[in-house]
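K.L.:
One structure, pasted below without further comment.
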Amino acid sequence: MRYRRPKYFKEKLESFEDTYLVKQPEQWKGKWRTKFQDCKDIFLEIGVGKGQFLYELSKRNPKSAYIGMEKLDALLIQSCQRAERESLKNICFMGKNASCLEEYFEENELDGIYLNFSDPWKKSKQAKRRLTHGLMLEKYEKVCRNGAILEFKTDNEELFEFSLGCLKESQYEIVFLTYDLHQEESCEDNIVTEYERNFLNLGKKICKVKCILKKNANL
Ligand SMILES: C[S@@+](CC[C@H](N)C(=O)[O-])C[C@H]1O[C@@H](n2cnc3c(N)ncnc32)[C@H](O)[C@@H]1O
């Protein structure tokens with residue numbers, strides 16, 4: 001994503017450090033439930049971008065907590081401003097890279113992960129950077145509890161096929177799969193992300209897979 005950082009972005013971000021921006025998420029490892037005491041479960045979105053998806057989800061489900069991770073921290077200003085405007089109590093953000101996930105979450109701490117329009121990393125030598133690569137799925141399996149969900153949407157069929165292959169090798173069980181989400185009845189509940197809106201406007205079909213984590217007791 002090409003993105004020019006806004007002026008004074010550091011100062012703007014710092015102003016949310018006591019509220020919506022978690023500066024040192026490693027300090028919350030194993031303790032996220034104490035941060036969101038009124039919430040029964042905790043979900044993570046990796047690569048939130050400008051955060052529209054997580055914002056809608058947190059408004060729909062005030063008894064669940066939502067953590068947004070984004071490696072381009074300047075993008076989080078808009079997410080924090082929106083959360084503040086609505087005084088949301090069940091959402092926060094971190095400007096971090098998912099490659100270090102285990103530094104921020106304890107084993108079995110999360111109830112689910114959302115991946116929306118993750119970067120495709122088209123060249124095969126870049127495959128390990130894909131958020132649905134087997135190495136990343138292993139990280140998700142570790143920080144998520146048995147029965148946790150994983151949802152992934154993309155417009156990119158090649159990335160989708162690659163991801164399905166990785167999921168089949170993982171401890172995730174696929175419970176829903178479509179190559180054209182917006183033709184499905186279940187699409188009524190779908191939250192359209194910023195990238196999804198752009199792809200829909202271009203006439204592209206949206207692929208989606210939903211999985212449940214079935215942890216192997218022998219591992
Ligand atoms: C194509 S954008 C999609 C944004 C948003 N999810 C949407 O659907 O509109 C992908 C986002 O993921 C972020 N991202 C990519 N790899 C990441 C990683 N390893 N950790 C955290 N964020 C990542 C990028 O910075 C970018 O903002």
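Yeah, the Cβs are placed from backbone N, Cα and C, and that goes for glycine too.
Just lifted these from TrEMBL, have a look:
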type	residues	note
BINDING	E45, E70, N97, D119	S-adenosyl-L-methionine binding site
BINDING	K123, D155, T193, E194, Y195, E196	substrate binding site
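A description of the local structural setting of each listed feature is requested, covering burial, neighbours and distances.
P.N.:
When secondary structure is read from DSSP and collapsed to three states, N97 (S-adenosyl-L-methionine binding site) falls in the coil class.
Under the three-state DSSP scheme, K123 (substrate binding site) falls in the coil class. Taking all protein chains in view, 8 other C-beta atoms sit within 10 angstroms of the C-beta of K123 (substrate binding site).
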K.L.:
Quick check on the binding-site residues: of E45, E70, D119, E196, whose CB has the lowest count of neighbouring CB atoms inside 10 Å?
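P.N.:
Among the binding-site residues E45, E70, D119, E196, the lowest count of other Cβ atoms within 10 Å belongs to D119.
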K.L.:
Consider the binding-site residues K123, D155, T193, E194 and say which one has the Cα lying nearest the Cα of E45 (S-adenosyl-L-methionine binding site).
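P.N.:
Closest candidate to E45 (S-adenosyl-L-methionine binding site), judged by Cα separation, is T193.
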K.L.:
Roughly how many Å separate the Cα of E196 (substrate binding site) from that of D119 (S-adenosyl-L-methionine binding site), to the nearest whole number?
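P.N.:
So the alpha carbons of E196 (substrate binding site) and D119 (S-adenosyl-L-methionine binding site) sit roughly 13 Å from each other.
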K.L.:
Please report the distance from the Cα of D119 (S-adenosyl-L-methionine binding site) to the Cα of E194 (substrate binding site), rounded to the nearest angstrom.
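P.N.:
Here the two Cα atoms lie 14 Å apart.
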K.L.:
Could you state the whole-number distance in Å separating the C-alpha atoms of E194 (substrate binding site) and E70 (S-adenosyl-L-methionine binding site)?
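P.N.:
With distance taken Cα to Cα, E70 (S-adenosyl-L-methionine binding site) is 14 Å from E194 (substrate binding site).
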K.L.:
If you count CB neighbours within 10 Å, which one among the binding-site residues N97, T193 has the smallest count?
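P.N.:
Fewest other Cβ atoms within 10 Å, among the binding-site residues N97, T193, is found for N97.
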